[in-house]
Amino acid sequence: GLPTCGETCFGGTCNTPGCSCSSWPICTRD
C-alpha cells in the first residue's frame, strides 16, 4: 500500500511520501 521509493534525489529531496535521500542519490523508505 505504501508508495514505492526509488526516484533520484540529486537535490537532496524526495517527492514520494515517507521516503528519504539518506542513500543519495536514490530515495529509500524512511
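Each residue, glycine too, has its Cβ placed from N, Cα and C.
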Query raised in the report: In Swiss-Prot, Cys19 is paired in a disulfide bond with which of Cys5, Cys9?
Result: Cys5
Query raised in the report: If you skip the near sequence neighbours and keep only those at least six away, which residues in the chain come within under 8 angstroms of Cys27 (disulfide bond), Cβ to Cβ?
Result: Cys5, Gly6, Glu7, Thr8, Cys9, Cys14, Thr16, Cys19, Ser20, Cys21
**Report entry** Mapped DSSP class for Cys27 (disulfide bond), helix or strand or coil
**Finding:** strand
